[in-house]
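Undergrad: Mind looking over this structure? Questions follow.
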Amino acid sequence: MLLFGFLLLTFALVSQRQGAEAESNLSSKFQFSSAKEQNGVQEPQHEKIITVSANGSIHSPKFPYTYPRNTVLVWRLVAIEENVLIQLTFDERFGLEDPEDDICKYDFVEVEEPSDGSILGRWCGSTAVPGKQISKGNQIRIRFVSDEYFPSEPGFCIHYTLLTPHQTESASPTVLPPSAFSLDLLNNAVAGFSTVEELIRYLEPDRWQLDLEDLYKPAWQLLGKAYIHGRKSRVVDLNLLKEEVRMYSCTPRNFSVSLREELKRTDTIFWPLCLLVKRCGGNCACCQHSCSECQCIPTKVTKKYHEVLQLKPRSGVRGLHKSLTDVPLEHHEECECVCKGNAEG
């Protein structure tokens, strides 16, 4: 009887322990699943702290070859001396997965200011190398993320150097806020930005990422008509020479036009400031008409729409209203040499 009771007690203890282990395993699995981001990348529990006393570099895994998928790496650079700053310079060999709608959503490298949590920049793609970044204090954080799709090469390599405050002042001129400019001066300042991301970050440093995402929410887009220039058949060399004269003497060619001047909109800033259009150009030295002087004029004109960023002052409210808009521009598709006095005849 005692033996039977001992066996029952042992069985109960074993069952209770197995149940606790199963519950623990289920809890761990749930925590692991909830720790994943929506794109399937698991966030790291700890960042790698690098004590900086001299120049050095960090890079994506396997640089300059294809980096691995499903990766999140965070480095925090901390200078030993508190009165120095850290400057980051990207290697010319830069390439991550391309952005979607000019927004780096999937694979990207991001630089953050640890003192206030502000994002200094997020980059991806391979069309341009990111510019230099300078910390506000003696620390700076770098974050690299890749999702489970489309890894690229060569990744990135960032060289870091130490700067004293007076070096920073001489190297980086003061950038005035948008509110310090009139509309015409702000138009000139906007011309210096090479990407929409840099422009929005300048206009709205505290909420530029939200503004950039809001900017691309509309799904509609007006497309201009496509135009194709036909080619003539070329039989012999003389025909070729004559055809080249015809093609390049008075033909549609690329011209850059200022949107504010072209649209006569001095109350608005457009970005990009200028666009390429087809306009008639060239000379008419071999004009076939019997007149003293010929000129090149368009004989077929079409209107095409181009989507650009529009910045307009808000009435009674500080800041600029930002929106994507379609602007109509004239394109010359066919040109002809005519007598100057008969241009309108």
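Cβ coordinates are placed from backbone N, Cα and C, and glycine is handled just like the others.
Sharing the record's features from Swiss-Prot:
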SIGNAL    1-22  signal peptide
CARBOHYD  ASN25  N-linked glycosylation site
DOMAIN    46-163  domain 'CUB'
CARBOHYD  ASN55  N-linked glycosylation site
DISULFID  CYS104-CYS124  disulfide bond
DISULFID  CYS250-CYS294  disulfide bond
DISULFID  CYS280-CYS335  disulfide bond
DISULFID  CYS287-CYS337  disulfide bond
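If you look at the structure here, what lies around each of the features I listed?
TA: Residues near ASN55 (N-linked glycosylation site) in space but far in sequence (CB under 8 A, at least 6 apart, same chain), listed by position: HIS159, TYR160, THR161, LEU162.
In the three-state DSSP assignment, the secondary structure recorded for CYS104 (disulfide bond) is coil.
The number of other CB atoms found within 10 A of the CB of CYS250 (disulfide bond), across every protein chain shown, is 26.
DSSP assigns CYS335 (disulfide bond) to a strand in the three-state reduction. All chains included, 22 other C-beta atoms sit within 10 angstroms of the C-beta of CYS335 (disulfide bond).
Around the Cβ of CYS287 (disulfide bond), 20 further Cβ atoms fall within 10 Å across all displayed protein chains. Look at CYS287 (disulfide bond): DSSP puts it in coil.
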Undergrad: Average pLDDT across the domain 'CUB' (46-163)?
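TA: A mean pLDDT of 91 is what the predicted model shows over the domain 'CUB' (46-163).
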Undergrad: If I take the alpha carbons of CYS124 (disulfide bond) and CYS337 (disulfide bond), what is the distance between them in whole Å?
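TA: On Cα coordinates alone, these residues lie 48 Å apart.
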Undergrad: Starting from CYS280 (disulfide bond), work out which of the disulfide-bonded residues listed here (CYS104, CYS287, CYS294) have their Cα within 10 Å, and give them in sequence order.
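TA: If one measures from the Cα of CYS280 (disulfide bond), no disulfide-bonded residues come within 10 Å, so the answer is none.
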Undergrad: What whole-number Å value do you get for the CA-CA distance of CYS337 (disulfide bond) and CYS250 (disulfide bond)?
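TA: Their Cα atoms are separated by 7 Å.
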Undergrad: On the three-state reduction of DSSP, what should I expect for CYS124 (disulfide bond)?
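TA: In the DSSP reduction, CYS124 (disulfide bond) maps to coil.
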Undergrad: Please identify, among the disulfide-bonded residues CYS104, CYS250, CYS287, CYS294, the one with the smallest Cα-Cα distance to CYS335 (disulfide bond).
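TA: If we rank CYS104, CYS250, CYS287, CYS294 by Cα distance to CYS335 (disulfide bond), first place goes to CYS250.
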Undergrad: What does the structure give for the C-alpha distance between CYS104 (disulfide bond) and CYS294 (disulfide bond)? Integer Å is fine.
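TA: Spelling it out, the Cα of CYS104 (disulfide bond) and the Cα of CYS294 (disulfide bond) are 53 Å apart.
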